[in-house]
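Look at TrEMBL and you will find 6-26, 449-466, 472-489, 501-528, 534-552, 559-577, 647-668, 697-713, 754-771, 783-809, 821-840, 883-905 (among others) tagged as transmembrane segment. If you look up TrEMBL, you'll see 397-845 marked as domain 'GPI ethanolamine phosphate transferase 1 C-terminal'.
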Amino acid sequence: MGIPVFVFAGLLVHCVFLASIFDIYFTSPLVHGMTPQQTPLPPPAKRLVLFVADGLRADSLYELDSNGTSRAPFLRSILENTGSWGISHTRVPTESRPGHVALIAGFYEDVSAVAKGWKENPVEFDSIFNESKYTWSWGSPDILPMFAKGASGDHVYTFCYTAESEDFGAQDAAKLDTWVFDHVKSFFNSSRSNQTLYSALNEEKVVLFLHLLGIDTNGHAHRPNSREYKENIRKVDEGVKEIASMLENFYGNDGKTAFILTSDHGMTDWGSHGAGHPSETLTPLIAWGAGVNYPQRVASQFFEDNFLKEWKLENLKRLDVNQADIALLMASLIGVPFPLNSVGTLPLEYLNNSAHFKAESMFTNAVQILEQFKVTKHIVKRGKVSLCKTLINLALEGLSYYHTYDRLFLGLSIAMGFVGWTAYVILVIIKTHTNLTKAAQSHDKESTILLYGFAFVGLIIAFFLLIQTCPWTYYVYCLLPVPVWYAVVKELHVIQDLAAYLLSLPVGQSMGFLLICVLGIEILVFSFFYRSTLTIGLLVFAGWPVITQLWVQAKTTALIWILLCMLLGIFPLMPVVGREPNIPLVIATGLLTLLISCSSLSSLCKSKNKYMNNEDLKVQFYQMLSIALSTYVVSSTHDSLQNKQGLPVFNQIISWTTLVSSSLLPLLSPTFLFQRLFSILLSLMSTYLLLSTGYEALFPLVLSGLMFVWINMEQEALQQYGLSLKPKLAVFNFSYATDIMQFRQLHLDDVRRSFFFVSFFVMPFSCFSSFDPASVYCFLTVFSPFMMGGLLVLKVVIPFVLVSCAFEAVQVTTQLSSKSLFLIVLVISDIMALHFFFLVKDYGSWLDIGARYSIFCLHYTGHSQAWRRRLTMLHALESCGSFHYVLVMSLTIFMMLMNGLAQLLTTKKLELSRKTKHHST
């Protein structure tokens, strides 16, 4: 099989493996075609007012200030005197879109939307807004449109402020909530002179939705314990009081208005959300007005947490609900059909109505979940609510069983494909890049029989799928192992040669090598879940020179290697989330980088290197100037934002100029190995400093130091094994490497080189996966999802570029073909992916399963609908453990891209000007 064909086949196979999890684990649990169900009795309310305070934590609302007063006195008086209260338990991912879908549609975001990019309505679903007669909503342009566009008919109206209003650097984000309150008042005032609107507002089944984004924005910008966040709660409380009073007056105190205040999600102390921490999943719920129970006094009540005592609410009954239950509560209050795909259970204790009404409502809830369940009316009349609750649980279990009916069958098919493909790649490595195999004799007759045999197996599988009327993707997943295993069995002579070689080795040596390989891969797998595992791995790496006796021939280099491995091992132990910005450390890193570059420049000038000219020295001087400017911009921007003066225009210009120039300046430097690598480091470091907020600024510096030492250590290892003469690295030129190299065959030590590379490649994922919007404040503060996302992705990619460039240097200086090492890396990544394939699930918290490691541990901090889709999509993947699988499957393609970029950065040189010689005639 030629190289282009093999590469194409590899990409195709990995694309199939990658796509398989969406059919196996992420098929839609939603069903359609049900008849809307609603309680047949008259509802207690004609209209419902829903306040959603985005990002409001339960404790932030319920707790008392140090002086014993509430920061939300109106809402406190409601729950103490006229309404019911509790905690709404959200599910991960704790993001705005899934939270609002649960609140308004009654189900937790459809996981199949992951495969569709989480569009505004990737699948059709029903909602309270859709079932209402009229819905008017005010708030963010990123939340309101998705419910309006999904509604049938023209009865859901939205009023949004501009996206530019969502500015993290603004003086006071509470203005977003003030905008909502002011426009609601203006809307009702204008209705008095508009008879059509006035009549519509007085209809039954009306919903008023106020989305309040200020608290969330202030939480991201200033943290939930800040004065701004708490003051925003006071303003929301005042606004809710004014709206409630205004509506009561507008409707003549008819007692037909129900009010609900809640939140889509909470927020951690460090201003993020998306995970399963209680500060993110516990949100407030306060209901009052028509049809809502009054406060229930109790002598005592038990909850596992100690919040009641802290909040001084131990004598008021706390009524906790799941977030999806709120949709049913709202539907019951105004008498609209329950949302068709709702999975909630009606919280009866919030209702102030007859036992008959509650029984009818619960029966409707049960029929809505399992419409075909037909029982006689006397069950409801006898009030057997518990039977309906049991029915709901059984129905949900049954739906889950049939939803996952084909999962085992498809999973085994993909697993067989995985194992076959990995075996085939190993055979290709042995056949084409080692001396272990002998020349194969042609056996055409046996090959023909083998081909017919596998073709017959394929026909049997296809026939089975045909009679099962399976979708076409099932054919791909189930038939893929057939040609893969045919290719494996066809290389039987290679398997025989490999077996003979292994049997000729001492048993202890073979088992020891296999054990080391297994342990190494398991350490990499565990590092995806437990970041500290990487520290253990780096400590093992530190002992490599001692174990192999390399320290004897290169004591100084080995000592530096040990120290840098130990220093790099500190980073996986540092917190990814929950850390405060440490700008002085970023500034100190910039100064340290400047000091190192000054030392390098001074050394070059003193040595009078004949390979360096004035133009090359100017390039390094410009890079040093860029480092100095980046350090200044970080300090200046932080001070300006702290003083709420916004982002200085000068700093913004410098930041964007540095970003653009950092990709060009390395191409102007000499292509000698260490000079070019150092130039790449300086250019990328200037940009990385601008994107740093704390200790992560040191990471590329330490990583690059270890990469420089790694290149030297590999030369020592190569000389120790007698595989090559030690070249002079100081004068090694990248641009001539491909011309002068004679590639050698693989050695067992090359497996270790590939493993080192994969381990170093994993490090940036594990250490810095948190997306903090403060990272981009040197470039922009007004929320721009794609711009911010691009900058944050660039921050993640920079360490990969450094590792890839170093690996390129290792390959060319050790006389290795990039294809041979790539195949070894492919085997390692495929074995890891097979691990993660069996760990994928379609439920759970991404923090519990995968927060220890991810390129995007997305502590989401934005609100654009388009950006929300992508971030929530990745949260969902992370929440079910599948992001690790997707990540490892994508590793091959990503490493190919990084390899191409590394070759470009190391071998190419731009000549901006040339002096032309003129000859006289």
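Quick reminder: no glycine exception, Cβ is built from N, Cα and C everywhere.
All TrEMBL annotations are machine predictions without curation.
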Whether the transmembrane segment (821-840) meets the transmembrane segment (697-713): three or more C-beta pairs under 8 angstroms: no
The transmembrane segment (559-577) and the transmembrane segment (449-466) contact flag, 3+ Cβ pairs under 8 angstroms: no
The transmembrane segment (472-489) vs the transmembrane segment (647-668): 3 or more CB pairs under 8 Å: no
Beyond the flanks of the transmembrane segment (697-713) by 6 or more, those residues with Cβ under 8 Å of it: 545, 550, 554, 557-558, 560-561, 564-565, 567-568, 571, 585-586, 589-590, 592-593, 596, 673-674, 677, 681, 684-685, 688-689, 729, 756, 760, 763-764, 767-768, 798-799, 802-803, 805-806, 809-810, 813
Mean predicted confidence [pLDDT] for the domain 'GPI ethanolamine phosphate transferase 1 C-terminal' (397-845): 82
